[in-house]
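This report concerns only the one structure given below.
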Amino acid sequence: MYKSQYISGQREKFVRLDDIDSSSSPATGMMMQRNCFGFNLKNRGGEKKKASKSFREGVKKIRSEGLITIGKSVTRAVFPEDLRITEKKIFDPQDKTLLVWNRLFVISCILAVSVDPLFFYLPIVDNSGSSCIGIDTKLAVTTTTLRTIVDVFYLTRMALQFRTAYIAPSSRVFGRGELVIDPAKIAERYLTRYFVVDFLAVLPLPQIAVWKFLHGSKGSDVLPTKTALLNIVIVQYIPRFVRFIPLTSELKKTAGAFAEGAWAGAAYYLLWYMLASHITGAFWYMLSVERNDTCWRFACKVQPDPRLCVQILYCGTKFVSSGETEWIKTVPELLKSNCSAKADDSKFNYGIYGQAISSGIVSSTTFFSKFCYCLWWGLQNLSTLGQGLQTSTFPGEVLFSIAIAIAGLLLFALLIGNMQTYLQSLTVRLEEMRIKRRDSEQWMHHRSLPQNLRERVRRYDQYKWLETRGVDEENIVQSLPKDLRRDIKRHLCLNLVRRVPLFANMDERLLDAICERLKPSLFTESTYIVREGDPVNEMMFIIRGRLESVTTDGGRSGFFNRGLLKEGDFCGEELLTWALDPKAGSNLPSSTRTVKALTEVEAFALEAEELKFVASQFRRLHSRQVQQTFRFYSQQWRTWASCFIQAAWRRYSRRKNAELRRIEEKEEELGYEDEYDDESDKRPMVITRSESSSRLRSTIFASRFAANALKGHRLRSSESSKTLINLQKPPEPDFDAE
């Protein structure tokens, strides 16, 4: 079977495993080459038949011919993806389905640990008629059924252990390693490690003891059944807990954690704390019945027939003699007088079990009330470390109290501590933010910053917290593989970049390159993004918010231009001109505008070096369509275009007005000459020729002086208008660079 991989941009084929004829001599010069993706086995000379069998054929021949051992280390070692082609179902330990089953098995182990203490509730003290100790048959049937169901799940898990591959220890040099899929090796490994523990844990010993009692003579089997259940459950707890620890650790290695959420993790550890309380309460109930039985036995020692008195302490004992029956009727009164836990002058000290005897829990037939009371007793004493327990001098009782105190300490140190860690993880970011704010306030107070600067710092911290919740998104993304990082950036930024008109019609490769290099930026109100004359080190693409863009054309007096930037606009276009210029040096261009945030602004920033790289790698930026789009949406080009149009309009208006004035002047001159001719005809002939010529010359001089004065005024006004509109054209990006 061949597997293809891409190495250094080329497609290579590698052989996973080959079946080599066992008849070939070792001296045939077999050469084995190990690659980083598999094994490549080649034979030289003396071959009797070819060793080009596929991996699937090798799996079929496993029963008869065996396997080739490579270096006596890894037998039938493959990679996880090769498990899918095997005919026999072998599970990958990190398979999702197997992880779900492992979680179910962990839950079944928890249920098994919680079901076993229910056997302690089977003994019951009957004080209704004759005082005796019996077995609750209904609860016995229910408990054995639950235990059998849990054991079925446990047996299923044991069966899966024979079909779950494991990682070969010799292949853990680099990466995850190779999986051993040989069923014989898997079975050998499981049988030598955990099979004995699993077998002891799943033995149906409690079911056998209860079944024997239910189908036996009952009366004579109460004491052996009670003793057997106590010993069996305690003994089987050891392998169950021993097997549960590696199961949870294995689940953490493959899945990371049993509960991923904070509340789920807290509930998981709280469940274990409640389970410990349940076990403690069940032990307390069983030991209470034992102490009651001990008191009755002490009372029977003073009777004429102690042996017969002990026999009647267990319900179901049959007697034939009428004399014995009459004597038995007096025994309950005797037991109550000697073993009453309510009397102040009781002859027997029950110690910590007196509460169970006096409350009637041991004689109650209602399981739910009995279970809740014992659960509360266990939870109360584990939480208080057994401080309220008043023990007697009985050694078993004292040891049980010591065990409660130690268990309480361990639970607080482990379970409650882990639960607190999970709950604190919900507010750890908030606590970090509070610490940073406190440090910031102390620093500002130490440096005596003015109130307006302090308010700006507080506003920025608050805005950044609301937007990111204390998560450093950039570090999270940068820690991922390149391919995954590119896909995440594409998902987050592609639609936003396409909303920028400059990149609306770009191809996918260019958009991916831009998205991969964008960095999120946040700005609060009244923050200056860039000032006029400062170097432009990044190009900003506005995602949300409004900004003000102002220019004075280098501080020219009387010149002021203001524009608004909104969602979809960009600033720092001087950087694009610099990036598209192949002859541009390392000096960054100066900003021609001052950009100030009017509201809270979210934007993506493209740094100078990143933009230079994108412009040099993608020729799509060097197109006329991009040139027109850049000019249309550039604030610098808009300002120049508006000034250019205004200047052209003024020139046109000036020429139009000059033409109108020339027409008016001609009309005035013609009208003046006509009026002068009419007045000359009406005058008397006495006027001499000399007087007429002198007046005409004066009129001509006056009209010329007025025309020259108007012309000078127009020239001065035109020169002043030229100085107002003389705005330098923005530099043209080199879109034709190749």
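Note: Cβ is positioned from N, Cα and C throughout, glycine not excepted.
Remember, it's a predicted structure, so these values are computed and weren't measured experimentally.
The record in Swiss-Prot shows matching topological domain names for Lys96 and Arg193, meaning one and the same side of the membrane.
Per Swiss-Prot, the range carrying the annotation region 'Calmodulin-binding' out of 74-89, 122-137, 618-633 is 618-633.
Between the stretches 451-474, 715-738, Swiss-Prot puts its region 'Disordered' entry on 715-738.
Taking pairs at least six residues apart, the transmembrane segment (105-125) and the transmembrane segment (396-416) share fewer than three Cβ pairs below 8 Å and do not count as touching. Against the transmembrane segment (140-160), stretch 194-214 has more CB pairs under 8 A than any other of 194-214, 228-248, 269-289. Long-range contacts of the transmembrane segment (269-289) within the same chain: residues 110, 113-114, 117-118, 120-121, 123-125, 133, 226, 230, 350, 352-353, 356-357, 361-362, 370-371, 373-379, 381-382, 396-397, 400, 404, 407, 411, 415-416, 418-419, 422, each at least 6 residues beyond the stretch ends and with a Cβ under 8 Å from a Cβ of the stretch. Averaged over the domain 'IQ' (638-667), the predicted model has a pLDDT of 80.
Proximity of distant same-chain residues to the transmembrane segment (194-214), defined by a Cβ-Cβ separation under 8 Å and at least 6 residues beyond the stretch ends, is recorded for 112, 116, 119, 122, 135, 137, 140-141, 143-144, 147-148, 151, 154-155, 157-158, 161, 221-222, 225, 228-229, 232-233, 236, 239-240, 242-243, 246.
Within the chain carrying the transmembrane segment (228-248), a Cβ under 8 angstroms from the stretch's Cβ atoms is held by residues 102, 105-106, 109, 112-113, 116-117, 119-120, 122, 194, 197-198, 200-201, 203, 205-206, 209-210, 258, 286, 290, all 6 or more beyond its ends.
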